[in-house]
Structure formats: C-alpha cells, structure tokens
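S.K.: Please read through the structure below; I'll follow up with questions.
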Amino acid sequence: MSEMRLIVAGAGGRMGRALTRAISETEGVVLTGALESPNSELLGKDAGTLAGLPANGVLLSADLWSLSANADGIVDFTVPQATIANVAIAAQRGIAHIIGTTGLSTSDNAVIQSVTDRAVVVKSGNMSLGVNLLAAIAKRVAQSLDDSFDIEIVEMHHRAKVDAPSGTALLLGEAVAAGRKIDLATHSARGRDGFTGARKPGDIGFASLRGGTVTGDHTVIFAGASERIELTHKAEDRMIFAHGALTAARWAKGKKPGLYSMADVLGLGDI
C-alpha cells in the first residue's frame with residue numbers, strides 16, 4: 001500500500017508539532033502539508049524545524065485548498081471554528097478528516113455530520129488506546145451496576161486548556177450514559193456551586209480541574225453504598241494522541257463515507 005499523504009492542521013501548535021514528530025517516526029504516512037491560521041506569525045516556517053526535527057521542506061500555509069490537492073487526509077487538533085472551516089474543504093476534496101478538536105458545539109457536530117454521506121470522518125474526544133479502552137470498560141461497568149451507584153467523572157488538565165469538561169470527559173460520559181441507556185444531555189450535572197441541594201438520582205456528574213502542565217488525567221467513579229469503584233487513565237505525553245490519530249488516519253484510507261470513532265478504529269465495539 002502506498003504511503004498516506006497527510007496534512008497537519010494547527011501545525012505550529014503543541015499538538016501540531018507532536019503530529020509532525022509522530023509522522024516522522026511512523027511508517028506508511030508522510031507529511032505533505034502544514035496548515036496554520038491566516039494571521040499566524042509562523043506562516044512560511046518549516047514544519048520540521050518547528051517540531052524540533054531537521055527541516056523537511058513543508059512550509060506552514062493558510063491555504064487548505066491548495067495543500068489538499070495532493071493529500072489523502074488531514075489530521076485536525078485545532079479549535080472549533082477552524083475545524084468547521086476545514087470540514088467543507090476536506091469533504092470537497094474527498095480526503096479523510098481525522099478530528100481531535102474538542103469544545104465542538106451541537107451545531108458544529110451537525111455540520112460535521114452533514115458531510116459524512118460523501119466524506120470519511122473519524123472524530124474522537126481522545127485518540128489514545130488507553131482512554132478508548134477505559135471508555136469501553138466504563139460502559140460495561142455502567143451496564144452491570146444499577147442506579148444505586150452514582151457516577152462522577154473527574155478530569156484535570158494544564159492551565160492553558162480553554163474548554164471544560166474536556167472532550168475526553170464527555171467521551172467517557174457518553175460511554176457510561178450508553179451503558180445506562182440514558183441521554184447524557186438530560187442527565188449531566190456540571191459546575192456545582194453553593195447550595196445545590198441533594199444529588200439527583202441518575203445524574204452523571206462532571207468536575208474539571210486546571211493547573212500546571214498536566215497532559216490529561218481522567219477518573220470515572222462509581223460510588224455505591226459503602227463501596228466505590230474508580231477507573232483512571234493518566235496521559236503522560238501528548239504523543240499518545242498523535243500516534244492514535246495516525247492509526248485512525250491509516251485505518252480511514254479507503255473506507256466508505258461515514259462518521260467513525262476511535263472505537264471503530266480499534267475494534268472496541270463489542271467490549
């Protein structure tokens with residue numbers, strides 16, 4: 001099989017640089033384009049140099065249409081506004097779109113869904129193997145325990161993270177909600193403060209912590225009478241997300257149009 005030619009969106013950011021490094025370490029993929037916002041001071045810089053590698057001749061550009069002319073896919077860990085702009089071009093070009101952007105709204109997700117009749121999209125709040133295994137396990141635990149066990153999800157990230165709860169926390173919330181056969185949107189408790197009253201039965205609670213340089217810690221708590229189950233994942237290096245995204249990109253090549261998740265990529269649907 002020929003190499004998969006990939007564009008990295010947000011190539012000047014932390015995840016973008018991690019993706020550039022991951023591509024350089026991974027067989028079967030090659031960096032063919034580096035996308036940045038039109039007002040970035042990094043436009044024209046070499047993507048390899050920015051990632052701490054030897055220069056690779058791939059210069060940062062704001063023109064996705066031109067970059068995508070000779071690409072097979074785009075890996076996108078940016079911000080919602082940028083991702084939604086990229087969705088239309090990726091679909092028009094017929095290239096796979098791997099989306100790790102978090103903080104997407106209901107309307108953003110509707111835009112993404114609207115192109116999946118003609119485009120391959122893999123979207124996940126977390127691309128790591130460990131977190132997706134955690135989600136599958138948490139779903140199974142939620143199926144096995146009755147609602148006398150309260151569910152709380154606690155996450156912590158670095159001080160610069162701008163959205164809360166994290167995309168990973170929401171991914172875990174969706175997993176346990178599916179296990180309970182309830183709708184997360186109507187059973188989500190966030191931002192408790194002051195005199196809130198007793199906990200509503202059946203709610204899934206979220207707590208978000210921010211500080212330091214924490215890459216990402218997530219714990220799903222099942223709290224029952226006199227006993228508690230805690231399932232935890234701690235990310236120590238964002239390269240796990242980069243390598244997971246490349247696994248998704250290679251998996252997506254040649255797939256039929258549709259919206260896929262990392263559970264599809266990793267074959268976790270039956271766990």
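Using the three backbone atoms N, Cα and C, a Cβ is placed for every residue, glycine included.
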S.K.: Which of these, Glu25, Glu27, Glu36, does Swiss-Prot list as part of the NAD(+) site with Gly10, Ala11, Gly12, Gly13, Arg14, Met15, Gly100, Thr101, Thr102, Ser124, Gly125, Asn126, Met127?
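M.R.: NAD(+) site check in Swiss-Prot: besides Gly10, Ala11, Gly12, Gly13, Arg14, Met15, Gly100, Thr101, Thr102, Ser124, Gly125, Asn126, Met127, the record includes Glu36 out of Glu25, Glu27, Glu36.
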S.K.: Going by C-alpha positions, which of the recorded positions (Arg14, Ser124, Asn126, Lys161) is nearest Thr168 ((S)-2,3,4,5-tetrahydrodipicolinate binding site)?
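M.R.: So, spelling it out, the nearest of the recorded positions is Asn126.
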S.K.: If I restrict to non-local contacts, at least six residues apart, and a C-beta distance under 8 angstroms, what lies near Gly167 ((S)-2,3,4,5-tetrahydrodipicolinate binding site) in its own chain?
M.R.: Gly100, Thr101, Thr102, Gly103, Leu104, Ser124, Gly125, Asn126
S.K.: Taking DSSP as the reference, which of helix, strand or coil describes His157 (active site, proton donor/acceptor)?
M.R.: strand
